[in-house]
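Structure, as structure tokens:
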Amino acid sequence: MLRVVEGIFIFVVVSESVFGVLGNGFIGLVNCIDCAKNKLSTIGFILTGLAISRIFLIWIIITDGFIQIFSPNIYASGNLIEYISYFWVIGNQSSMWFATSLSIFYFLKIANFSNYIFLWLKSRTNMVLPFMIVFLLISSLLNFAYIAKILNDYKTKNDTVWDLNMYKSEYFIKQILLNLGVIFFFTLSLITCIFLIISLWRHNRQMQSNVTGLRDSNTEAHVKAMKVLISFIILFILYFIGMAIEISCFTVRENKLLLMFGMTTTAIYPWGHSFILILGNSKLKQASLRVLQQLKCCEKRKNLRVT
């Protein structure tokens, strides 16, 4: 029987999942409508892919977590954990791939450095960005092929994907190998976000020194962008902390509370960043406000009919 604390964690995780599906579903729907109107831009394509991959990732996180909590013995057969591992790699890497592409897009569009290479890349953003997206996709596919080889070799050797009695050191080494592509995308996103924050911070200081005592709209926009980026980095780090906790819990199966905490921490990123994107993107924000206004109007009409 679940304890009160465990019940609270499950409620939080389910709530995060619902918010994540709604938030990312809204982002995907808005951009799909633009696609139907032949207005889908590069950023729209990235946001749509990011939303779809995160919805898929949320379901994998919940499915894997609930299996480990309620029926951990199912994984002993080997086949299910093999499928979950493949789905996890696909969802995780595709989500990271689109998130990295989004970071690079904002970096090339917004950042301002005097470096010759950066200026060359910035002047050719429309050419460089598709190339970078394809490069990231190819690296993701190569990494997935490598992961498939690792899982297949281990299955052939042990007649199961994961031997639940394997040494912890061997298990963690294999997890690092499985997540090499994710670590690469995470590092690249982190670097681009940090450089973008530095660029915005420098530009903000210059504007404040030129216009003493005043904060124009551009300054406010730059401060807002820095807050969004810092929030993104914090959520990104929390996501990896949650992943590390969940991976470690696989070798300590009795500690359900720690596993639930890891699930809760991991699920913060997919739903939290979706709402940050909605609030930070003018098109998505306006669309969300229109939806809220429509809901308020429907509620008022319903109340009038009742009275």
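Going from the start of the chain as shown, residues are counted 1 onward.
Placed from the backbone N, Cα and C atoms, the Cβ positions cover glycine too.
Model, not experiment: these values are computed from the prediction.
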Among ASN92, ASN210, residue that the record in Swiss-Prot marks as N-linked glycosylation site: ASN92
Residue carrying N-linked glycosylation site as stated in Swiss-Prot, selected out of ASN112, ASN158: ASN158
SER41 / ASN126 share membrane side in Swiss-Prot: yes
Stretch in 7-27, 43-63, 180-200, 228-248, 258-278 most in contact with the transmembrane segment (101-121), if contact is a CB pair under 8 A: 180-200
Average model confidence [pLDDT] within the topological domain 'Extracellular' (1-6): 70
Same chain, 6+ residues apart, C-beta under 8 Å of the C-beta of ASN92 (N-linked glycosylation site), given in sequence order: LEU57, ILE60, ASN179, VAL182
Contact call for the transmembrane segment (43-63) and the transmembrane segment (228-248): at least 3 Cβ pairs under 8 Å, seq gap 6+: no
For the topological domain 'Cytoplasmic' (279-307), the number of residues DSSP places in helix, strand and coil: 27 helix, 0 strand, 2 coil
